[in-house]
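> Provided herewith is a single structure, encoded as structure tokens, for subsequent inquiry.
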Amino acid sequence: MLSNHFENGMDMARLAWSRLPHSEDGELDGVGLLSTSSNRNGVESLDYEVIENYAYREEQAQRGKFFVGYNVAVKWFFALLIGIGTGLAAVFINISVENFAGWKFALTFNIIQKSYLAGFLMYILINLALVFSSVYIITHFAPAAAGSGIPEIKGYLNGIDIPGILLFRTLIGKIFGSIGSVGGGLALGKEGPLVHTGACIASLLGQGGSTKYHLSSRWLQGFKSDRDRRDLVTCGCAAGVAAAFRAPVGGVLFALEEVTSWWRSQLMWRVFFTSAVVAVVVRVAMGWCKSGNCGHFGDGGFIIWDISELGSSLSSCMLTALTFCLALDLLLENFFFFSLSFILCSGQEDYSFEELLPMAVIGIIGGLLGALFNQLTIYVTRWRRNYLHKKGNRVKIYEACLISVLTSVISFGLPLLRNCSPCPDSDPGSEIECPRAPGVDGNYVNFYCGKDKEYNDLATIFFNTQDDAIRNLFSAKTIHEFSAKSLLTFLVMFYTLAVVTFGTAVPAGQFVPGIMIGSTYGRLVGIFTVNHYKKLNIDEGTYALLGAASFLGGSMRMTVSLCVIMVEITNNLKLLPLIMLVLLISKAVGDVFNEGLYDEQARLRGIPLLESRPKYVMRKMTAREACGNQMVLSLPRVVKVADAVSILRSNKHNGFPVVDHTRDGEPLVIGLMLRSHLLVLLQSKIDFQHSPLPSHSRSGSGTIRHNFSEFAKPVSSKGISIDDIYLSSEDLEMYIDLAPFLNPSPYVVPEDMSLTKVYNLFRQLGLRHIFVVPRASRVIGVITRKDLLIEEESEDSATMELQSTSVRGQRHKTRLLEENGADAERPLLNGLLVQNQR
């Protein structure tokens, strides 16, 4: 009872939070459902279910154990290629962004030595040119490359295929668009687009390249089913996160927690291998660039922030601890000494119990600001979609250019209004240099200062690349480098810019802007904590890290993967308990108001995601009630071509029950025919026959003129349309026997099954259709766990026979069924549950 009251209170809080504007067409209604059909958005479901028709069984029968081993080896080889490709793409993007930013700041700094006005104009023009190139590529070449791409990829792995999101031109637009938008200084990041980039690379490798641009290879075309492509895209998503943050374990957990709806242990191994390959590629590239081969790209570019002196030696410490523990484990057979040796290396934690209160406050602030950010982006996205972007691509270009000019004016102009501060007294052995030129990696930037030994704290974070600004905010032992006034000014302005920039027609990620926003207020809390407790061992950089984690948790609602990513990018395991604390608090606070950023954006874009947990109202509904009063359109086993064409033209359904008749004339559902498979049969015409009688047995055995791979739909496209098929008048009078090509064993649920169970079955198995039938009258057997434990290597029929739990008289019933027709007592359909009727 208490949990129900709490859940109702959560729903009321979400409703009060989101009921500011009135809902419009295509937007969310009061209960958070799409008010219009997703058909308008061109969304189509994927066929993750294996269609075990006769063509499939015949193809599987011809394959031996050698082919199974070959298939596994090819999958691992593709995982290697995905890792290499995504790693190289990430290296190219980072080198390009760092070099453009380096040239921009170097040129601007040289000009402002003579005239700040001329340097200001040059700074605006360079940023404007980069942003214009990005928005032009998106609007005229690759519209699907706009945004982060994570909601679309999440929808794809959930079973929704959105045309255009995995094409070659989308990949090109994502790479070069990210270079222009991030290099142009907009309040966005390249980490989200890297996830989309990895998914595109994986999908293109799976289909053998791009046939449209004549960049294809037949020997790579090994995976044509949606199930195989789903696994490859999952590897690509993990590779994108691993490349963006140099966090291979975080990439695996991100794919598992945030984007995938279906997982298995074999896929875990391949995803982990792909992320490891990415880490190696990125590390090798960084080592090559440190020798000066990459221009302005040096230690920067890839996110890696050591916020303590132990950070650089932590890896060697862990390796020593692991070696020590394994040696002792040979004698004592336990891993207790691993914890002991690690503590000896890393030392005790230097935070006190009193600091937990301000850290909890950081988590609360992160949840509130993250939820507010999500809600504001919803309003801005709705306004753009309903009013601004309807006016065409020219308005999108004007909008992006205007935001670029505004961002440049703020980032250049606000530091001019800030008084410079004297450089702190540095230790003789310290590597901190004060001051530094703008755009140079490091703290204490000299910008519009009258004296040589002065720096501008606002320019240190504003007039800089985002990666370098985050390093400055995370930097350790730089107490009092930033004033509270400067941090508050930056927080308000950058938060506003991030909200306004989100949704423009450029590739845009929210990881880095979220880290910058969170680290800013985290450092503010750190300043207040230092002043209140008067302790010298309190580091503001630690609070900046916790603030970054709290904002990302409050906005994106990730926990495990985000926690691991933050630990990997800081290279410091000491902060793990604190990161876990702020993430749990920020996520709990944010969940009170709305859903995560990617879920909200997916809903706004009309992507019908099936969440991990069904709605509470589904517990009180049955499968029959979900079907409503819909009329099920079915096909006869031997269908006339003209009738099939008429049915396909009259609706957009993707699956049709196929009905045959027993010897007694009773109707019998024998399977499910997919629309795409029927279109392949109509286009090929080789299965047309003059007789309306079945040409195959009911099981579909007979001569099959098709390969199973012919029925695979091209990735990220709608495939064949009925309007693309030409049929003569003679063809329309022909017949097709559907038995060999239908799915003879679709998933079936009784009509009184709760909708919650149907929902879980639908989502966990990745289904597209479920038959709803009346309650069965007889049981021919019961399968238990031991019936599924079959030894593959055993050839003796006696060992293959396990203890059966079937009811008595099974053989007699089987003989009767064979005489009267297989499945003679199978009931008719009451309805057909589908994920998406298109």
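Note that Cβ sites are derived from N, Cα and C of the backbone, with glycine treated the same way.
Whatever TrEMBL says is automated annotation, not expert-curated.
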> For the annotation transmembrane segment in TrEMBL, which listed range does it cover: 356-381, 564-589?
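Per TrEMBL, the stretch marked transmembrane segment is 356-381.
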> Take the C-beta pairs under 8 A between the transmembrane segment (115-138) and each of 72-95, 232-255, 356-381, 487-505. Which stretch has the highest count?
487-505
> Considering only the recorded stretches 232-255, 267-286, 356-381, 487-505, state which has the highest number of Cβ pairs under 8 Å to the transmembrane segment (72-95).
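Per the Cβ count, the answer is 267-286.
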> Taking residues 6+ outside the transmembrane segment (267-286), which of them lie with a CB under 8 Å of any CB in it?
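The answer is 75-76, 79-80, 82-84, 86-88, 90-91, 231, 234-236, 238-239, 241-243, 246, 248-249, 251-252, 255-256, 301-302.
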> Can you tell me which parts of the same chain pack against the transmembrane segment (232-255), counting only residues 6+ beyond its ends and a CB-CB cutoff under 8 A?
78-79, 82-83, 86-87, 89-90, 153, 156-157, 166, 190-191, 194-203, 205-206, 223, 267-268, 270-272, 274-279, 281-283, 302-304, 511, 558, 560-562, 564-565, 568-569
> Limited to the domain 'CBS' (742-799), I'd like the whole-number average of pLDDT.
82
> Using a Cβ cut-off of under 8 Å, list the residues of the same chain at least 6 residues beyond the transmembrane segment (487-505) that approach it.
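For the transmembrane segment (487-505), the nonlocal Cβ contacts are 135, 138-139, 143, 146-147, 186-188, 369, 373, 376-377, 380-381, 384, 389, 393, 396-397, 399-400, 403, 406-407, 410, 414, 418, 458, 461-462, 513-514, 516-517, 520-521, 523-524, 527.
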